[in-house]
Amino acid sequence: MAATQTAWVTEEQSPSVKLSLAAREILHEEQSEFQHIVVADSIQFGRMLILDGVFQTSIADEWVYSEMITHVPLCLHPQPRRILIVGGGDGGTAREVLRHTTVESVEMVEIDPAVIAIAKKYLPEIAAALLQDDPRLTVTVGDGIAKVEAAENEYDVIIVDCSDPIGPGKGLFTAEFYAACARALKADGIMVQQTESPFFHQQLIFDVQQAVAKSFPMTRLYTAPIPLYPSGYHSFTLGAKTRDPLASEWRTPSLPHCRYYNTEIGKAAFVLPEFVRHLVARDETPMTSSK
């Protein structure tokens, strides 16, 4: 990420592709213990969070990501009560989880306290759950991997709301971590993780699908349009012990706040274009490299 005198912020999305956004100003910049953090007020996307040069979230489109990483697994699960969020320091996922009346407890484990503090100050719309006093939410600063490894048969849904597989997020993309998630989940548990762009990160998606399938009988990819992210087309990998999103009944709770998610969209997100179907079926060699 680079900011010039004209306040442009740039993410290198692949070795041959960069996305630059004009910004009114850089609101905050610091080097935390774990990563370089920038908050920019971009003209197109509004206030946005950038970690180690990678665009993470923005006021303009975060709701697509937050709704899809949350409501898909929670509506697929028959009775989600105990939820673990690994990462998610901006608070968007916690905000969406707490909209479900079935939820009794939410644990959010974020490794970098600076992300939480910055989100509260500069992204209060996203961090709303972190600014409120909902007794169901517990926020812990710590290692999400260690949290998962210490749990057994404890959670209904685990949401891995992590950054890219670099820096502090690298260990969240391994077969060992997915196996630990399976142990931490109850008998009908579900795990979901963001897995980048089907255009720019096919190798990552291929590797994650194989790794998740070692621990979860039902492994599915679903997608959503997120303009801020590489190619504007983003993927999520879902691992379930018993619930197949293509065959199981979905809950239809009242979610009037949603700007993107509805039950039909949730189900349709698992309908994949041919090149992605071949990729997850493992009958086509990935054409692109992970970032």
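Cβ atoms are placed via backbone N, Cα and C, with glycine included.
These figures come from a predicted structure and were not determined experimentally.
What TrEMBL says about this one:
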| type | residues | note |
| --- | --- | --- |
| ACT_SITE | Asp161 | active site, proton acceptor |
| BINDING | Gln35, Glu110, Asp143, Gly144, Pro168 | S-methyl-5'-thioadenosine binding site |
| BINDING | Asp90, Asp161, Cys162, Ser163, Asp164 | spermidine binding site |
| DOMAIN | 6-241 | domain 'PABS' |
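This view paints the features noted in TrEMBL onto the structure.
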residue: Gln35; record: S-methyl-5'-thioadenosine binding site; DSSP (3 states): coil
residue: Asp90; record: spermidine binding site; DSSP (3 states): coil
residue: Glu110; record: S-methyl-5'-thioadenosine binding site; DSSP (3 states): strand
residue: Asp143; record: S-methyl-5'-thioadenosine binding site; DSSP (3 states): coil
residue: Asp161; record: active site, proton acceptor; DSSP (3 states): strand
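Looking at Asp90, Glu110, Asp164, the binding-site residues in this record, the fewest other C-beta atoms within 10 angstroms of the C-beta turn up around Asp164. The distance from the Cα of Gly144 (S-methyl-5'-thioadenosine binding site) to the Cα of Cys162 (spermidine binding site) comes to 10 Å. Straight-line distance linking the Cα atoms of Asp90 (spermidine binding site) and Glu110 (S-methyl-5'-thioadenosine binding site), rounded to a whole number, equals 9 Å. Other than the site residues Asp90, Asp161, Cys162, Ser163, Asp164, same-chain residues with C-beta atoms no more than 8 angstroms from the centre of those residues' C-beta atoms, the spermidine site, are Leu51, Gln56, Gly87, Gly88, Gly89, Gly169, Gln194.
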